[in-house]
Amino acid sequence: MTRDVRQLFGTDGVRGRANFEPMTVETSVLLGKAVAGVLLEKHAGKHRVVVGKDTRLSGYMFENALIAGLTSMGIETLMLGPIPTPGVAFITRAYRADAGIMISASHNPYRDNGIKIFSSDGFKIGQAVEERIEAMVASKDFGKLPDDHAVGKNKRVKDATGRYIEYAKATFPKGRTLKGLRIVLDCAHGATYRVAPSVFEELDAEVICYGCEPSGCNINAGCGALWPSTIQKAVIEHKADVGIALDGDGDRLIMVDEKGHIVDGDMLLSICASDLKRRQALSDNRVVATVMTNFGVLRYLESLGIQVTISPVGDRHVLQHMLENQAVLGGEQSGHMIFLDYNTTGDGIVSALQVLRIMIESESTLSDLTACIAKSPQALINVPVTKKVPLESLANVQGVLKEVKEVLGDSGRILLRYSGTENICRVMVEGTKKHQVDSLAKTIVDVVEAEIGAEISE
């Protein structure tokens, strides 16, 4: 059956439930062929593609399927095994590969999986390339197949994680260590379960690990960046200096201070932006944030003389606005933070190292660094939905939004949007009084659930 353009790719690559379209072995083989076809359209000859994955059970079958499609077209593949998404971006550049592929559904449950594709420069491919890949998959016209002696070889790269560990450590100042710091680390049973403990331990920190025993079916399950309550308790229990929570593919970071308080992506962005400005390393005194960024955080950044460019939600949009505005730092509340001086995509480990460096150099605790940032009261609730009906077509939803806006007046704001990667509607309400914000958000949630709500599946 012929697919319409953009039926495969979403806001962050291809994603869906494993063994359901588009995340099937059959479609993955076609995607591998299509990636090869796009490379061969640029120029004939030898090409190589690196392939990494997180710890999902379904990663094995998608790894084999993609490699089969690529090698059938004459492409050499380099199999990295479990490695964070930013590790794939780095290895793609380091090995001078023509493309990189990460098999992951990021922060989604284990039953989902996805495919992210990087170009040779380590940036995620753009929409035009995605559309060309989709067109090839739909037509199954990948160009001439190679002769039997010219099919591609697949090689396992044994030192890929070691290279990434050394790269990550190199972003920390030479001569400095993490000696004396006790860190609670939650790797979400995901792609960082080996590399993250190694990075922090080799820099001489005392590391207490959680979420470092992947089973293939426990990635992001009540742990990691989406569930920081795990390390909140652990930081207090172990009298740790800081908690670090990464998501399943290692491109998000949420931290916890020594008092057990969550420090989200907005706060981390503020800390790092302030440091870069102080060191005169913040290009054009500008950072990129998103429409979800807390208004109090925006006020704080502006009080420092930092210009803030606002992008839609999603690390792809953040990166696009960074490149357009020549910004070196961008991030979002969920914990994606991009340091273009270090990597071409969000990197949770590298981001954590920058925050730890700031703590050490300023002789401050994490709570000291956040004390001057007054966040506005905000409620953010995720509502599982059966389908993504255009919100403007739902009269009852529009009605409650109007009512809530009238209550908030000019002292608050509402944001209602669908997730680009899950069947979820995000309800965000911001204002001046926490109890009012929570109540108004619940009012909106009740209406959204009544209109399009879905039962939560286990």
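Sequential numbering from 1, following the chain as shown.
Including glycine, each Cβ sits where the backbone N, Cα and C put it.
For the Mg(2+) site, Swiss-Prot records Asp247, Asp249, Asp251, and the single candidate of Ser106, Ser119, Ser120, Ser393 listed with them is Ser106.
Asp249 (Mg(2+) binding site) has a Cβ environment of 35 other Cβ atoms inside 10 Å. Around Asp251 (Mg(2+) binding site), the C-beta neighbours below 8 angstroms that are at least 6 residues distant in the chain are Pro84, Thr85, Pro86, Ser106, Asp315, His336, Thr345, Gly346, Asp347, Gly348.
Residues Ser106, Asp247, Asp249, Asp251 make up the record's Mg(2+) site, and a Cβ search at 8 Å around their centroid adds Asp54, Pro84, Thr85, Ser104, His107, Gly190, Ala191, Ala225, Leu246, Gly248, Gly250, Arg252, Gly346, Gly348 from the same chain.
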